[in-house]
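As annotated by TrEMBL, transmembrane segment applies to 103-126, 199-217. What TrEMBL records for 169-282 is domain 'Phospholipid/glycerol acyltransferase'.
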Amino acid sequence: MGTLVRPGPAATAAGAASPISIASSSAHAAAGGGRAWSSRRRVSVAAFRSPSPQVLATRWRRRRDTAVRSDAVAGGAAAAAAGDSTQALSDLQVASRVRGVCFYLVTAVAAIFLFVAMVVVHPLVLLFDRYRRRAQHYIAKIWATLTISMFYKLEVEGMENLPPNSSPAVYVANHQSFLDIYTLLTLGRCFKFISKTSIFMFPIIGWAMYLLGVIPLRRMDSRSQLDCLKRCVDLVGKGASVFFFPEGTRSRDGKLGVFKRGAFSVATKTGAPVIPITLIGTGKLMPSGMEGILNSGSVKVIIHQPIQGNNAETLCSKARNVIADTLLLHGYGVH
């Protein structure tokens, strides 16, 4: 038969301790889980809670300081660029002024020596070539060529359209700059310019103009204008050529102005051809009203085919259209 074994006290104690320990562990676990859930809940709530005013103020100050520093850096860069641009512009202006001073020094020195040559040959000119004055114009061509060759490049197109010196003609051109006279004298044609009477008072240059036979004009004097036109008709009739700037004065904005009909009335009365000439670039080198400077660059002269007719208005329109079209083709404006 088997033996019945009854559990001892130790076993009972151990068996009783087991459920108590389990219950205690479960309670501790439940308590720990509650604290963890409470902590997570506080973190979640804090994540959605609005920042305090102090925090917002601190953030705003940081952003403002960053923006100010960025603006300061950008402003410094812009100021540096503007400073460089201003310095470059200032250097160009100084260079143009220096070049202008050198231009006038060269032309004055050359004029002194060549004026002496004009004075020496003038008696012979009056005896044998009173109206065309080819010797004087040849000296003037040398003077103009010596002057401009040192300061700007000159290109001439259409030389084949120039009549010989023995054939009288009426030349017309747009007027942009003080340099126009120098440029046109290099063509070597014996045309008589029309100039303000005040220019004749300039030493050397004014006297040389008188020896060349330049025609004086008082702009605001209607009688002087009539006398000027009569003298032009007389000169063309005697075999000389005349030169007009039909705009009457230099263009202030570089655009071609309205043509006056005086030159074309001379052409119709004498039957002489009209030779239109387009000057390009002189106004950029020495703008009107800024005769003290000389910018760097080049000049182009375009000599167009002769125009003839017996109607001054028609001749005026044709000549202006030819010059205007050429200027527009080269990027210049027309009024």
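Note that Cβ sites are derived from N, Cα and C of the backbone, with glycine treated the same way.
Long-range contacts of the transmembrane segment (199-217) within its own chain (CB-CB distance under 8 A, at least 6 residues past either end) are made by residues 108, 111-112, 114-115, 118-119, 122, 125, 131, 133, 136-137, 140, 143, 192-193, 224-225, 228, 231-232, 235, 240, 242. When Cβ-Cβ distances below 8 Å are used as the criterion, the transmembrane segment (103-126) is approached by residues 133, 135-136, 139-140, 142-143, 146-147, 150-151, 182, 204-205, 207-208, 211-212, 294 of the same chain, each at least six residues removed from its ends. Within the model, the domain 'Phospholipid/glycerol acyltransferase' (169-282) shows a mean pLDDT value of 92, rounded to a whole number.
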